[in-house]
Amino acid sequence: MNVYMKEKTRVFCQNSFDDLDDNIGIVMPILTECDVDEDFTEGIEKVGDTIPILPLRNMVLFPGVALPVIIGRPKSMRLIKEAVHKKSLIGVVCQKEMGTEDPILEDLYTTGVIADIVRVLEMPDGSTTVILQGKKRFELNELTETDPYLSGKITVLEDTKPDKTDREFEALISTIKDLTIKMLGAVAEPPRDLIFSIKNNKNVLYVVNFSCSNIPSGSAEKQQLLLIGDLKERAYRLLFILNREYQLVELKASIQMKTHEDINQQQKEYFLQQQIKTIQEELGGNINELEIKELREKASRKKWPAEVAQVFEKELRKLERLHPQSPDYSVQTQYVQNIVNLPWNEYSKDNFNLSHAQKVLDRDHYGLEKVKERIIEHLAVLKLKGDMKSPIICLYGPPGVGKTSLGRSIAEALRRKYVRVSLGGLHDEAEIRGHRRTYIGAMCGRIIQNIQKAGTSNPVFILDEIDKITNDFKGDPASALLEVLDPEQNNAFHDNYLDIDYDLSKVMFIATANNLNTISQPLLDRMELIEVSGYIMEEKVEIAAKHLVPKQMDVHGLKKGSVKFPKKTLQVIVEAYTRESGVRELDKKIAKIMRKLARKVASDEPIPTSIKPEDLYEYLGAVEYSRDKYQGNDYAGVVTGLAWTAVGGEILFVESSLSKGKGSKLTLTGNLGDVMKESAMLALEYIHAHAAQFNINEELFENWNVHVHVPEGAIPKDGPSAGITMVTSLVSAFTQRKVKKNLAMTGEITLRGKVLPVGGIKEKILAAKRAGIKELILCKENEKDINEIKPEYLKGLVFHYVSDIQQVVDLALLREKVDNPLF
């Protein structure tokens, strides 16, 4: 007898690891060669009415078939040893339940097979494997013994074979062989000798029983085959099962073909997930019903457009077909959740109470009248016409003046949600428009993210530091903002990740910037520009008294009103310890004082009830900054001008002197910029050309060199506003006339002697007032700027408005000459 163990016939084995007797490995049937007429009844005549019974777990033995069985139970081991010793046949039956350890008659199928023990193998792991070959079927009538092993009374059953001339049965056997080989080929490349053995085996009893033993079915179905005594009927039933199993194999192969392109050969887990995915497509089922149900419930409450609903439903169906462990599952889930979590057509109700809005804005911010006025105007229009598009405002000005915090107050005044995006250093366009979903880690842009965070479609949206945007090879974010900030386009803003248009027309965008020069012109055109200028000293004192001092007291745990800060003290802090346009540094200085006071309170030391100016040295140290004061008119050529800086207004002295020389030499010192140098040259040329008009001797220009100096040479200075100051200084130097006391001036000049307007008037005027100036000379066109300044800030000042240089000289210079004139 030749014995073959065919590894690749695994598909025809018992289901899998269930084919065990206790601790058994995978069991494979053995294909044997036999004669055409062999009926496997050799030695059957020696079998009596009683025979030893070997119960098998989940295994059914058929006549003629050789089957390896691993023996584990002590009773089974005892039975095998005695049967081998006596060279006797045994009865093999299948248990109904695999878990039964010590079966009785009711636990066994009563139809079994008489078997011969072909070989006993001692395995390396200590287990024992026996090879059994079936002989003839029998009926187990009763169990006569249960110890040391099972024995029972049996009745031998005969198989009915068709006539050899039965062509139908012959065709049936041929079909069974072909189908068996097809099943082998559908799973793997079968060995040629295996195919040859199946095709050329002429023993019909063996062919039928071998196939019955190897079908991938449960023991109950195999037992039904064993019960059938008519071989032809058994073959028909076998063919039915083979056809069914072959269709299943084909379906598995089809599933593998469908998923083959998506399979990563190195990831077994991914392969299994793709199989599950295709199975779910075939069955139309879904194992994530709860999560899908929640998403559908959310979607049912949305007021979104029809096209959005269509996209959502399409993407949700994709999600239904994915397994939770699939790599695409989390990506698809995130996308669907982003769609459903957006506030489609959901708006917070605006508060149209204008007095409430004004109170909120005045409470949180001192000054800023233009900005407040614009917000109140917008609120009034919304009250009258509810569907108006929100304005797009750009607040620009120096740092620390409250541009960003103003946005929060506007949101509170309107009772809208507040969101803020910092654009400083942004250089990737995808941060605005979002990343396309093809990229790993793709997400919505910052606009859509913050709309989702706000939960409404009409928040107050702060685009902070819009002037700090940069661009590189990843695109230009400023260009992406063109769509966001265009009222004619942002009703259909397209985010690359969502790939759906979203309406931003009701969002109130407020951009903040320090420098408009770095913002592209198309972007500037889309925004309403509102300047938030630096605070003057009086405004800083008010802000400190009303906001900063109470805030810092609360932050440092001091009782409200326990320490007072007189306005004079706050004024000294502003002038001597800070130099800024906003109030950030002022806030830090007040916090420093509060820390020292808190330390005293914690140490049970007494603290003053009021902080006086002379106490500031103890808390803040030595004075950090000093402001220029008017120094009189005792020197020819010294004139007081006015300048504007990023931290406010300043007075500016222009000094001109003459020295003996060849003439026509102009020296400029004081770290002057190009524009200021040109103003000095222009002033000298003008008075030279109009020397007679100013009563200047022409010979002075030929024999005297001119030196113009602006003090504080370490500080760069530039701008045209010192034009009339330089003319006055040079005329005073060439005529040795005194300059009028307590007078300052600012204005640009032309070669024709005209005076042009300049900017920063508010800051310059307040700087002059702090320096003790009483009179100011301004361009006639700057008169409109004076009207926008609060009257209390102008008290004690006299303004002279001029349009040409002669008027300036007549107002500024006295007829009286200085002491000890040069000529």
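Note that Cβ sites are derived from N, Cα and C of the backbone, with glycine treated the same way.
Since this is a predicted model, take the numbers as computed values, not measurements.
Marked as domain 'Lon N-terminal' by Swiss-Prot: 51-246. Taken from Swiss-Prot, the feature ATP binding site applies to G397, P398, P399, G400, V401, G402, K403, T404. Per Swiss-Prot, the feature domain 'Lon proteolytic' maps to 633-815; the stated evidence is sequence analysis. Per Swiss-Prot, active site is recorded for S721, K764.
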- Message: Using the alpha carbons only, what distance in Å do you get between S721 (active site) and K764 (active site) once rounded?
- Response: 11
- Could you please provide the mean pLDDT value for the domain 'Lon proteolytic' (633-815)? 89
- Reading the DSSP string in three states, the entry for G402 (ATP binding site) is coil
- Item | Neighbourhood of T404 (ATP binding site) by C-beta distance under 8 A, where only residues 6 or more apart in the same chain count | R420, I462, D464, T512
- Task: Enumerate the residues of the same chain, G397, P398, P399, G400, V401, G402, K403, T404 excluded, that satisfy the criterion Cβ within 8 A of the mean position of the Cβ atoms of the recorded ATP site; list them in sequence order.
- Result: L395, T512, N514, V532, S581, G582
- Could you say whether, by DSSP, G397 (ATP binding site) belongs to a helix, a strand or a coil region? coil
- Item | Per-residue Cβ crowding (10 Å cut-off), top of binding-site residues P398, G400, G402 | G402
- Query: Other than its own, how many Cβ atoms are within 10 Å of the Cβ belonging to K403 (ATP binding site)?
  - Reply: 26
- Query: Where K403 (ATP binding site) and K764 (active site) are concerned, what is their Cα separation in Å, rounded?
  - Reply: 22
- Query: Whole-number Å distance between the CA of G402 (ATP binding site) and the CA of K764 (active site)?
  - Reply: 21
- Message: Using a 10 Å radius around its CB, how many other CB atoms surround G397 (ATP binding site)?
- Response: 24
- Query: Cα distance, K764 (active site) to P398 (ATP binding site), nearest Å?
  - Reply: 16
- Whole-number Å only: compute the distance from the Cα of P399 (ATP binding site) to the Cα of K764 (active site). 19
- Note on the structure: Across every protein chain in view, the count of C-beta atoms other than its own within 10 A of the C-beta of S721 (active site) is 27
